[in-house]
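Below is one structure, written out as structure tokens; comments come after it.
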Protein chains: 2
Amino acid sequence: MKTLKIIKIGGNIIDDDDALKQFLKAFATIDAPKILVHGGGKLATKLAQQMQVEVKMIDGRRVTDQVTLDIITMVYAGKINKTIVAQLQAHNCNAIGFSGADGNTIVSDLRPSKPIDYGFAGDVKKVNTETLEILLNNEITPVFCAITHDKKGQLLNTNADTIASELAIGFASIYKTELYYCFEKNGVLENVNNDNSVIENINTKSYQPLIENGIIYEGMLPKLNNCFHAVNNQVQKVCIGKSEMLFDKNNKHTTISK
Amino acid sequence: MKTLKIIKIGGNIIDDDDALKQFLKAFATIDAPKILVHGGGKLATKLAQQMQVEVKMIDGRRVTDQVTLDIITMVYAGKINKTIVAQLQAHNCNAIGFSGADGNTIVSDLRPSKPIDYGFAGDVKKVNTETLEILLNNEITPVFCAITHDKKGQLLNTNADTIASELAIGFASIYKTELYYCFEKNGVLENVNNDNSVIENINTKSYQPLIENGIIYEGMLPKLNNCFHAVNNQVQKVCIGKSEMLFDKNNKHTTISK
């Protein structure tokens, strides 16, 4: 079984032109089937402000009305996705940009409006791998933005971490899949203020005490839940850390296992 | 040799939600390999105004500075392209959105800054069909927006009519290619105020007198030049008219031939 690397990058890379350039140059050198998933960073909020559209967030998640959906579609699928694709092409990485609507690759359900109405937010229902397999077999690298669809014509705002884990799970029967969440820290930290206090391994047993002791909290909780969802569904390897972990095995990071 | 239909739609369809819906529903029924190319319509200008960015046009062509390039990338590759793809998927047409950067499908040269500096405008240099062929062979429908790249990391604003004709030419050795320019009129008109005065055939010989007599002028000139460029480069069939010509053979339209 071949290995497929699914790599998610977030705001610390996307919002920094130089960091993005450097990352993409390195990413292009990965000589294996790979899929890149990118979040939206701060650009959508910035555009909303320029357009004088109110930004509504609940528990760190964007409330997506029609105007906001237009904005994130423009920013995520347009500006960010195409900038990444063009830069990868410059480094001879044959990238194609995707939303979940393209090739019907990721179908979501509209999130129920209760208890909280997040508007046009989608929860992933099904990943269709056929088209992506054809591309991967032809050494093409799909680049996913955090938008899916309901197969009835509606685009839906979808969490990028979830897209990455669902893609990894979708491919787990075809490839030995590895899922990498790149963010601004070296991994899950024992002490949030000390980037060297990396917890190198977290498994199902050690997870619960880390929550109870307040070491894993807030934004890290959904991220870790995505990780466990992946390892519990045949994904072979799940890591969290700085993007450097991809290119330097000695770079500290957290590995999540069953 | 199989037939490939390359269909370009413009503002009269894109700027009208109902017309777009109706067109895409019909387009999805075309039971043959097909590529859709869409222009940008008025949405980019509208967004520029909302963002208080000045819109500069010279001879009906947009001057593309960095902010304008961001705007058209957001509108063309984001909002419009993904809206079209999601609607086609709802009609079981397996569409994937493309800019020329995706799959390195269309490489352009930055247009020289003299005599007129159009900024980040691209003139098509090469169409790479390999990836698109794989997709077409798997019954996937590429949907192109009017953006290309220079293969060095730079996105470029590129005329949608030109993208359509260059795609048709690029595929002419592989498929029997047919190129359809859909716009708001029934074709090239003898009298611009009479939609029934369609000139049914224009060839190289009859073209020049039509220009000299002022029947073909302004915006129709570059459109017709694209048509002749196509028929002079092995494209089998080139038509101009309302999108209805695709679905009703009796619908009047203009056919361009050598």
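Each residue, glycine too, has its Cβ placed from N, Cα and C.
Note that the structure is a prediction, hence the values are computed from the model and not measured.
Among B:ASN157, B:ASN159, B:ASN186, the residue that TrEMBL places alongside B:GLY40, B:GLY41, B:ARG62 at the substrate binding site is B:ASN157.
Sequence-ordered, the extra residues of this chain that approach the substrate site, with Cβ no more than 8 Å from the Cβ center of B:GLY40, B:GLY41, B:ARG62, B:ASN157, are B:GLY39, B:ALA44, B:THR45, B:ILE72, B:VAL75, B:TYR76, B:ALA146, B:ALA160. The recorded positions B:LYS8, B:ARG62, B:LYS223 differ in how many other CB atoms lie within 10 Å of their CB, and the one with the most is B:LYS8. A simple Cβ count within 10 Å picks out one of the binding-site residues B:GLY40, B:GLY41 as the most packed, and that one is B:GLY40.
B:LYS8 (site 'Transition state stabilizer') is 12 Å away from B:GLY41 (substrate binding site) when you measure Cα to Cα. In this entry, B:GLY40, B:GLY41, B:ARG62, B:ASN157 make up the residues listed for substrate, with the farthest two CA atoms of the set 14 Å from each other.
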